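This report concerns only the one structure given below.
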Amino acid sequence: MELLQLVIGGLANGCIYGLVALGFVMIYKASEGVNFAQGDMMMLGAFVALGFGNSDQMGLPFGLAVIAAMVLMFGVGWGVERIVVRRIFGQPQFALVILTIALGFVFRFIAGSIWGFTPLVLETPFAGQNLRGGGIVISLADLVTIGVTLALTIALWAFFAFTKVGLAAQAASQNQMAAYIVGVPVMRINSLIWGLSGAVATLAGVLYATRGAIDPNIGLLGIKAFAAAVIGGLGSLPGALVGGLIIGVVEPVAGRYAPGELAKMSPYIIMLIVLVTRPGGLFSQIQMKKV
Amino acid sequence: MRVVFKTSYDRDIDLHEHGRSRARIAVLLAIMIVLPFLVGDYYLAEATNTLIWALAGMGLMVAVGHTGQVSLGHAAFLAIGAYADSALMNTGLPFLVSFPLAGLVTGLFGALIAVPAVRMSGIYLAIATLAVFVIVEELVIMLEPITGGVGGIMAPSISILGLTFDRYAALDHFYWLCLAVVALVTWGYANLMRSPTGRSFLAVRDSEVSARALGINVTRTRALAFGLSSGVTGLAGALMGHYIGFFNYELFSIFISINLLLVVTIGGLGFIQGAFLGAILITAVPQLIAILRDNLVAVGVDLSGVPGLDTMIFSLILICFIIYEPTGLYGRWLKIRTWFEVFPLARRDMFRRQKSYLKTERMK
């Protein structure tokens with residue numbers, strides 16, 4: 001029973017890792033770059049929703065506040081691509097890594113100077129409501145998290161697999177020049193994907209905030225989400241979710257049954273094992289390099 | 001424009017392009033040696049700190065600048081170096097033995113990690129080193145008998161042949177010790193870069209496929225570069241431990257890794273000089289911010305209540321450099337120097353970089 005309870009809590013946690021990882025994967029799918037600021041975008045999204053929704057701030061209804069925050073963060077993601085990322089177009093990959101790490105600090109500073117560094121609680125309609133059955137307690141927030149994550153993963157997967165824009169984004173990442181020649185507006189697609197990943201990050205942030213207080217340093221969760229994306233294989237949306245769930249479940253179980261600090265290390269140990277044994281991740285998409 | 005007239009093949013691979021460059025280095029070294037007589041203790045301590053950062057920066061430069069392996073986990077190697085040195089000295093070994101041993105241990109650990117890690121490239125390697133960093137941080141807390149756990153560990157004061165090199169009691173001695181280490185490492189590094197090994201690092205960085213076609217063992221070269229890089233960083237960590245005196249795992253946070261990346265990127269990727277310029281910047285800017293803050297208080301603006309301002313300013317500097325001057329401070333200096341040397345023939349596109357367009361091996 002205890003194990004089952006841990007697993008269910010872990011699944012909900014894993015969904016949040018998975019959601020942040022989805023943001024990584026989307027940008028990776030579209031531009032083969034990694035946005036290390038994704039965790040901080042999630043944090044900023046949660047704070048923006050809090051700013052719109054909490055009764056002592058703007059006091060909008062919860063649903064409206066979340067949608068407003070997603071729209072605003074879409075703008076932030078789009079703007080970041082437009083103003084900063086586009087300028088390093090054509091530079092080596094690691095330039096983007098360093099750039100987005102720096103951006104993450106800027107986001108953290110912005111959130112810290114607006115909302116302060118003391119933890120705040122987002123007011124949600126499903127706070128404190130639990131479902132009981134057979135000795136297991138499931139909070140409504142967990143159920144909502146799992147449901148939203150599943151729906152979003154399927155929607156994004158369909159977006160990349162079937163829509164014209166999604167396919168164009170994949171073409172742009174596989175061969176920028178060729179995609180440009182056949183008429184894919186590479187730049188505009190990149191901006192759009194960054195905007196979308198901002199909106200997804202906001203959703204992840206809001207779901208994270210339903211489960212506890214938030215402060216500007218929760219963005220560090222991004223590192224764990226990153227491990228999730230790598231375990232699934234960067235570039236695979238279902239893989240990101242599976243990676244997130246693996247980490248989410250292993251962490252509390254290891255915390256309960258394994259000694260000491262092993263629980264904190266477990267996501268990274270799993271990631272290293274996956275990287276060594278299957279360098280492309282569980283849902284590998286990389287073929288051997290051919291000359 | 002200066003024309004170097006070469007009369008033998010040895011001149012082609014000489015460490016210095018011409019006599020004046022050799023003289024410049026000698027003058028610089030002389031000034032650095034007499035520095036303790038010129039400035040007070042405060043600035044001497046800052047200079048020591050800068051030297052240690054430059055050493056760590058050189059360590060990272062081997063990996064990032066010269067072999068093209070981005071590492072986000074070099075703080076872990078600093079930590080291993082610091083803990084190994086202090087722990088060995090606490091068992092009674094003299095500094096002259098424990099210091100190289102600390103570098104060796106770190107280098108071996110780095111090479112051990114590199115064996116699986118070099119099979120990855122680019123982003124994946126950066127992530128793997130990040131994971132290694134987190135694991136090392138937790139290990140430091142777990143291995144309490146050696147590392148002192150959360151409480152921390154004391155770096156014993158150094159004495160060689162009866163001379164004391166304590167950070168507080170004999171700062172000038174400690175400064176000279178750091179200077180000697182940095183000078184030796186720089187000399188070795190510069191020589192390495194003109195040896196076949198160093199050249200193969202560059203070949204691997206510029207094109208892995210061509211390097212392999214030329215008969216370079218890419219895996220071994222990258223592992224060697226990563227091991228060397230972590231070894232040098234470990235030496236810097238050992239000195240940093242002595243400089244701080246008493247430290248625990250919090251000294252080596254992820255921010256240190258990022259500051260180190262800042263040192264090499266802002267200084268100039270692929271130039272040894274870049275590591276020094278970056279180190280000067282990263283140790284000077286917090287001081288400048290502090291001075292600026294005091295002056296702003298005098299005119300009525302109080303910024304002391306804004307937390308994280310330093311990090312924010314660093315981040316903005318970094319963003320501006322990546323966008324506007326990807327070759328860093330040293331690259332900018334080269335451009336300015338060339339402009340003067342060829343005056344008035346400098347053209348705008350002399351340093352234009354080839355843009356590379358993305359292609360991937362992903363098939364789905």
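Glycine is treated like the rest: Cβ placed from N, Cα and C.
Bear in mind that TrEMBL entries carry predicted annotations, made automatically and left uncurated.
According to TrEMBL, the protein carries these features:
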TRANSMEM  A:6-27  transmembrane segment
TRANSMEM  A:34-52  transmembrane segment
TRANSMEM  A:58-80  transmembrane segment
TRANSMEM  A:92-116  transmembrane segment
TRANSMEM  A:136-160  transmembrane segment
TRANSMEM  A:192-214  transmembrane segment
TRANSMEM  A:226-248  transmembrane segment
- Query: Going along the chain, which residues at least six beyond the ends of the transmembrane segment (A:58-80) come within the CB cut-off of under 8 Å?
  - Reply: 37, 41, 44-45, 48-49, 51-52, 103, 123-125, 191-192, 194-199, 201-203, 206
- Sequence-remote partners of the transmembrane segment (A:192-214) [C-beta within less than 8 Å, at least six residues beyond its ends]: 12-13, 15-16, 19-20, 22-24, 26-27, 29-31, 35, 38, 41-50, 66, 69-71, 73-78, 80-81, 85, 119-122, 124, 126-127, 139, 141-142, 144-145, 148-149, 152, 156, 165, 169, 221
- Long-range neighbours of the transmembrane segment (A:136-160), counting only residues six or more past its ends (CB under 8 A): 1, 4-5, 8-9, 11-12, 15-16, 18-19, 22, 26, 29, 124, 126-130, 166-167, 169-170, 200, 203, 207, 210-211, 237-238, 240-241
- Message: If we skip the immediate neighbours and take only residues 6+ beyond the ends of the transmembrane segment (A:6-27), which ones have a Cβ under 8 Å from one of its Cβ atoms?
- Response: 33-35, 38-39, 41-42, 136, 138, 141-143, 145-146, 148-150, 152-153, 156, 193-194, 196-198, 200-201, 203-204, 207-208, 211, 221-222, 224-226, 228-229, 232, 234-237, 239-253, 256
